[in-house]
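Pulled from Swiss-Prot:
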type    : residues                        : note
DOMAIN  : 29-243                          : domain 'Radical SAM core'
BINDING : 38, 89, 120, 181, 283, 284, 285 : GTP binding site
BINDING : 45, 49, 52                      : [4Fe-4S] cluster 1 binding site
BINDING : 51, 93, 144, 214                : S-adenosyl-L-methionine binding site
BINDING : 278, 281, 295                   : [4Fe-4S] cluster 2 binding site
């Protein structure tokens, strides 16, 4: 297999603010307000999930192009205090690949007290760091886990690390990183084990959310005719459990919730493709290289790193960020004629 390029989109240093109201928040032309910040801190990962990364991994980002821990802390500070962000989630790649993660979390917790600091992780090695991350100020984690069958897990991730993942999940629970949620990608390869995964999550007392696979794989092999839709999953789970529709926690929450066997336990389904929630999206994304991405599927990014390293003040950086979000698309366009997936894969963008 040949190496897969990072697929860098068009990166701009400025954008038009024409027509934008004079408000501090991250508003866009369709009336949405971004309050949920996703910060990708690395492209590196300890697994090679087939829907996210090629087997050999992604090309390394030159160290000088990565945001430092202090730069990330400053940008999070700006997002919270100038732009109205109310939640921050660290993603990758795999965030645990950064040895300065605890420093980063502690800095953000100090500069933005009271703001939830979350992390999406594969949990490999988390058993050794969960307590320290909690002490630093991390409040909760989501763990990517598609199977609790060791052989199946190894095929999906190309790594035999399931025991480490389970140990990490349990360590996170002991450290009080709650609510602890499991994210599982819906694929033909995972559908047969979906009920077993839900059974395991119920026994561990953790929430489970299934996510429809989106066209964000590094090998660009996603095909609509092969994807597993939410309705198919519901039929499969319904063979073992009684599911009762429970709606969404709030309008901007992506997961539709279903009570399992009358509750109180629930299972969530994020139907990103078949029942998109773009009209309620409240996310803004910062890549590991310091660019703002308004949508997973955007073909443009706005460069904050260059401005930051050139001495730009906080308000100048905030205004660049506002411009990036003002021009956000109405939706991801997956269901539109002529849709073209982004060149960056999920591993390069940050989940």
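Note that Cβ sites are derived from N, Cα and C of the backbone, with glycine treated the same way.
All features noted in Swiss-Prot, drawn onto the structure.
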residue	record	DSSP (3 states)
38	GTP binding site	strand
52	[4Fe-4S] cluster 1 binding site	coil
89	GTP binding site	strand
120	GTP binding site	strand
144	S-adenosyl-L-methionine binding site	strand
181	GTP binding site	strand
214	S-adenosyl-L-methionine binding site	coil
278	[4Fe-4S] cluster 2 binding site	helix
284	GTP binding site	strand
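For residue 284 (GTP binding site), none of the binding-site residues have C-alpha atoms inside a 10 Å radius of its own C-alpha, out of 51, 52, 93, 144, 214, 278. Recorded residues residue 49 ([4Fe-4S] cluster 1 binding site) and residue 281 ([4Fe-4S] cluster 2 binding site) have their alpha carbons 26 Å apart, per Cα-Cα distance. For residue 93 (S-adenosyl-L-methionine binding site), the nearest of the binding-site residues by C-alpha distance turns out to be 45; the candidates were 45, 120, 278, 283, 295. When the binding-site residues 49, 278, 295 are compared by the number of other CB atoms within 10 angstroms of each CB, 278 has the fewest.
For the binding-site residues 89, 181, 283, 285, the greatest number of Cβ atoms within 10 Å around a candidate Cβ is found at 285.
Each of the binding-site residues 51, 52, 120, 281 was scored by the number of other CB atoms within 10 A of its CB, and the lowest score belongs to 120. In the three-state DSSP reading, residue 295 ([4Fe-4S] cluster 2 binding site) counts as coil. When the alpha carbons of residue 52 ([4Fe-4S] cluster 1 binding site) and residue 214 (S-adenosyl-L-methionine binding site) are compared, the span between them is 10 angstrom.
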